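Below: one structure, written as structure tokens.
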């Protein structure tokens with residue numbers, strides 16, 4: 001998608017193996033319940049803006065994960081086809097999640 005930094009599956013594997021990426025599945029809860037990438041945090045794109053503005057304790061309680069920090073590197077948003085992942089990537093950037101690395105969109109399946 002135009003204007004989005006993308007990460008390929010081999011690059012993602014490398015980032016995950018080294019512990020240098022955080023995955024966010026922005027599909028609906030029902031879609032994610034049917035299967036997702038292990039370790040991904042499911043935050044439906046419709047909730048993402050409020051989630052990224054929550055206090056860390058509230059985020060932890062609701063999503064059972066540490067809230068990402070704006071300076072975190074390699075935040076990776078994904079969905080099924082790419083549209084919601086792209087929306088999530090753009091939203092995170094607008095909210096200041098640019099860090100010293102990149103906010104990524106997972107390319108392909």
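Heads up, the Cβ atoms here are built off N, Cα and C, so glycines get one too.
Features as listed in TrEMBL:
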type	residues	note
DOMAIN	17-108	domain 'Rhodanese'
ACT_SITE	79	active site, cysteine persulfide intermediate
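Long-range Cβ proximity for residue 79 (active site, cysteine persulfide intermediate), meaning a same-chain Cβ under 8 A and a gap of 6 or more residues, is found for 25, 26, 27, 45, 85, 88. Per-residue pLDDT, averaged along the domain 'Rhodanese' (17-108), amounts to 89 for this model. Sorting each residue of the domain 'Rhodanese' (17-108) by its DSSP state yields 35 helix, 14 strand, 43 coil.
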